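Please read the structure below before turning to the comments.
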Amino acid sequence: MEPLDELDLLLLEEDGGAEAVPRVELLRKKADALFPETVLSRGVDNRYLVLAVETSQNERGAEEKRLHVTASQDREHEVLCILRNGWSSVPVEPGDIVHLEGDCTSEPWIIDDDFGYFILYPDMMISGTSVASSIRCLRRAVLSETFRGSDPATRQMLIGTILHEVFQKAISESFAPERLQELALQTLREVRHLKEMYRLNLSQDEILCEVEEYLPSFSKWAEDFMRKGPSSEFPQMQLSLPSDGSNRSSPCNIEVVKSLDIEESIWSPRFGLKGKIDVTVGVKIHRDCKMKYKVMPLELKTGKESNSIEHRSQVVLYTLLSQERREDPEAGWLLYLKTGQMYPVPANHLDKRELLKLRNWLAASLLHRVSRAAPGEEARLSALPQIIEEEKTCKYCSQIGNCALYSRAVEEQGDDASIPEAMLSKIQEETRHLQLAHLKYFSLWCLMLTLESQSKDNRKTHQSIWLTPASELEESGNCVGNLVRTEPVSRVCDGQYLHNFQRKNGPMPATNLMAGDRIILSGEERKLFALSKGYVKKMNKAAVTCLLDRNLSTLPATTVFRLDREERHGDISTPLGNLSKLMESTDPSKRLRELIIDFREPQFIAYLSSVLPHDAKDTVANILKGLNKPQRQAMKRVLLSKDYTLIVGMPGTGKTTTICALVRILSACGFSVLLTSYTHSAVDNILLKLAKFKVGFLRLGQSHKVHPDIQKFTEEEICRSRSIASLAHLEELYNSHPIVATTCMGINHPIFSRKTFDFCIVDEASQISQPVCLGPLFFSRRFVLVGDHQQLPPLVVNREARALGMSESLFKRLERNESAVVQLTVQYRMNRKIMSLSNKLTYAGKLECGSDRVANAVLALPNLKDARLSLQLYADYSDSPWLAGVLEPDNPVCFLNTDKVPAPEQVENGGVSNVTEARLIVFLTSTFIKAGCSPSDIGVIAPYRQQLRIISDLLARSSVGMVEVNTVDKYQGRDKSLILVSFVRSNEDGTLGELLKDWRRLNVALTRAKHKLILLGSVSSLKRFPPLGTLFDHLNAEQLILDLPSREHESLSHILGDCQRD
């Protein structure tokens, strides 16, 4: 059961007895589970914890909610908040975190139609666009947020984006007709726009022609509102500003003085809103011979001039956002670019109130996407807001497919009487091609993904930016504060600006931030949250260089900044989008449903001659000469496949070499290939080998995430070096590369809208969750999954999702079709003794050494004699059996049993460690280095981060060089000559923890060493659990367990202490 569910159960208990946890503490824990690290506080950015909710009627018979809330960390001071009128319908519960907006000079807080605002889950930032779109249909807004990125690109969207950019550049420069024409041409030549034209199969000329139709309106608007002249000559409008002392509209002349910012990014922790304002303008309002200057939002629209409630609502919300940076603008502007018509949009209390209520309902729907009939019962997906009865709105809705699919698969409303009649037929029409098994697959994976995204580790929002000072957060290693800009900002291209920062005072702190990390840049001043997003380009002890999406040179030079790592662990938009695509009524989706959900048998071609071109036979034969028999068998199986092939890459069997050979053979045969994996490093490892064979390929993805030796093959670098500025040249680039490489998350690239590959190869497929792995498969006729389900599965944090089957990869799911499976069994990593462990535990003797040299290889210790002499200093240890056995190169495997030492574990602050094991690891590491083993050839593995930290600290204080200390997961796919494994757990109550119960992690740990493997732990504690019991049976039979004798325990501290002082 997840922690949040356990808390719900406890909260239901009426009497917990004397030892019961106080109810207030349970509510606080529930709040922490929903929003980790929230700090309760009063003031402008107040955060209150709801302790109790009572619904009652006032003296007039109207319903109101009485909330008992507290903002004190010790929860001793309780405050009453009364919600009246429409606010009483807000779905607030005990344990929720809320923000109260208004005046509370005397208690209680009273929030009603006329005064104050109530913000539910204020640390959940929701875009103003999403709130505005929920006006007509809340269901659509929830679906758009849930299936983010599934909205198809359109011609209108592209033209709108281009027009926005032309206007935004012009307002900072000039609206002269000839300059507008230049700006339009420049913008159309930007590679990012050329890519969208390619996606939509449009030409530059037709887009330019349409853009040019708007340009005269741009000039006219500027002539009306930005020219020089007396105030009486500026356009007159009706506008009310409460700060003038009147709420009535009265005529005034409007002069737009200048543009102050473009795409100003504002996050509001007061209102739980975020957004980017198209243009922030300085405006003079001339009325009755008086002038008032205001900084106001200007929203640009390229569609039909409707002055609709959605459009006006966006402007109202931007006025709320503007209050985070400056005084209340009280109104904003709505400009339709086609006509040049600009409308004033007053932001009155009523409009803001109703929009914030909508925002609360949207936040509640997004947060509570999983429900239970009762605490402790099985999770299920919550129903979405009701389907509306508005045929016209639904007809043009981009989420109609997902709406119908969710209704059928999750809400099971195929013939529900509650659905409007007009929509019932639409739901059936959208989903009639789907069978029950397809709907169940969709529903199950939606549930599992949602559970995973709502785990505490994935719930962390960005609230630390506004709730925790940078000086405090720096200790976590994920933030650097007190930064100032040092050099002029340089423009890489539109949307990419290079910024250099250094510490205002002192050197850079120790940090986990490194090149390639996503970051959010904010000002340390309260009003400057989330100014820009981007990546760390370069970082050292003196300075940090960042590539940001906005040019911040307009901010004062004295502005002090902070960088926060952007965590994106809980983002499920891509896998949910893939699931939605799998349910579409298209041929690729239908075929994948048959293979993956219905388990249709994969088909194969009978004769190799029918797929192997005559002129490629010699090339293929030469490539095959360098492969072993299982690898050659894999090549044949792939060439004969009509659907898919699974290649099982057992440890050390040359998986990367096999994939490289496969790509070369497919290329020689004239096939196009899409090469993917989950990580950039896995993709680049293959490409590094391909590059040595002079095989051409196109690498998609941002250059700074790609291996330095592969960057010259990226689309970004090629476009830059060739100065690509036309669609014809971009198409030529795409068409000239039959081999394309990207990660599984990069499948939204425009190239895939018009290109289908003959083969898709997915490396590390057994580590990728099914919906993520699906993405690239839509764009190929056949696919090859390479992996090993006996090694690490997809990482799943949520226990319930794991129990439902989320850790089953597509590789594992399809492995039941044995005709499609080829096993690589000849390995070139481990010597015979180390290999025998994995053969016994996992592979049923299938693994074999590739040569006698591999089988008999031992750890090279050129200075072993000197090391043994130095150990003579410790007379009691010089001839100890365990130490002699460990150091002996001809003993490749040994388990050091700590039962008699003793070596008890420590559990503190949720972390598990074992200091004695850590000290032993450091002692052994130091001894092997003295014996001549290079620090770079040694790897230390431990299952717990706390243990890793202790070992790393001890190594840092010793004379030992740079030795890699990491978890099993980080060592997947890699090896070292010497591996030392600390199992950590040593207790009498049988507690082992989830990590050590996973036999696949154990298998990975046992197969990382090439020449020597040293395991360290408590046999009595570990043997209770399979497969560790099986491991000990084998080790005992081979006499590979060495007991650390009790008589040596007394001297152990002395020896280890001396070791660290050396």
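Cβ from N, Cα, C; glycine included.
These figures come from a predicted structure and were not determined experimentally.
What Swiss-Prot records for this protein:
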type	residues	note
REGION	82-520	region 'Nuclease activity'
BINDING	Cys137, Cys394, Cys397, Cys403	[4Fe-4S] cluster binding site
REGION	521-1062	region 'Helicase activity'
BINDING	Gly649, Met650, Pro651, Gly652, Thr653, Gly654, Lys655, Thr656	ATP binding site
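Structure coloured by features recorded in Swiss-Prot.
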{"residue": "Cys394", "record": "[4Fe-4S] cluster binding site", "Cβ contacts under 8 Å, 6 or more apart": "Ile388, Ile400, Cys403, Ala422, Met423, Lys426"}
{"residue": "Cys397", "record": "[4Fe-4S] cluster binding site", "Cβ contacts under 8 Å, 6 or more apart": "Cys137, Arg140, Cys403"}
{"residue": "Gly649", "record": "ATP binding site", "Cβ contacts under 8 Å, 6 or more apart": "Lys655, Thr658, Val786, Gly787, Asp788, Leu824"}
{"residue": "Met650", "record": "ATP binding site", "Cβ contacts under 8 Å, 6 or more apart": "Asp788, Gln790, Gln823, Leu824, Thr825, Gln827, Tyr843, Lys846, Leu847"}
{"residue": "Gly652", "record": "ATP binding site", "Cβ contacts under 8 Å, 6 or more apart": "Gln827, Tyr828, Arg829, Met830, Asp975, Thr1007"}
{"residue": "Thr653", "record": "ATP binding site", "Cβ contacts under 8 Å, 6 or more apart": "Pro630, Leu824, Thr825, Val826, Gln827, Tyr828, Leu847"}
{"residue": "Gly654", "record": "ATP binding site", "Cβ contacts under 8 Å, 6 or more apart": "Asn628, Gln631, Leu824, Val826, Gln827, Tyr828"}
{"residue": "Thr656", "record": "ATP binding site", "Cβ contacts under 8 Å, 6 or more apart": "Asn685, Ile686, Lys689, Asp763"}
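Within the set of binding-site residues (Cys137, Cys403), the lowest number of other Cβ atoms found within 10 Å of a Cβ is recorded at Cys137.
Of all Cβ atoms in the shown protein chains, 26 besides its own fall within 10 Å of the Cβ of Pro651 (ATP binding site).
Secondary structure at Cys403 ([4Fe-4S] cluster binding site), as computed by DSSP, is helix. Summary of the [4Fe-4S] cluster site environment: with the site residues Cys137, Cys394, Cys397, Cys403 set aside, the chain residues having Cβ atoms within 8 Å of the Cβ mean position are Arg139, Arg140, Ile387, Ile388, Glu390, Thr393, Gln399, Ile400.
The number of other Cβ atoms within 10 Å of the Cβ belonging to Lys655 (ATP binding site), over all protein chains shown, comes to 24.
The secondary structure of Pro651 (ATP binding site), as reduced to three states from DSSP, is coil rather than helix or strand. Using the Cβ center of Gly649, Met650, Pro651, Gly652, Thr653, Gly654, Lys655, Thr656 for ATP, the list of other same-chain residues with Cβ within 8 Å runs, in sequence order, Thr658, Asp788, Leu824, Gln827, Arg829.
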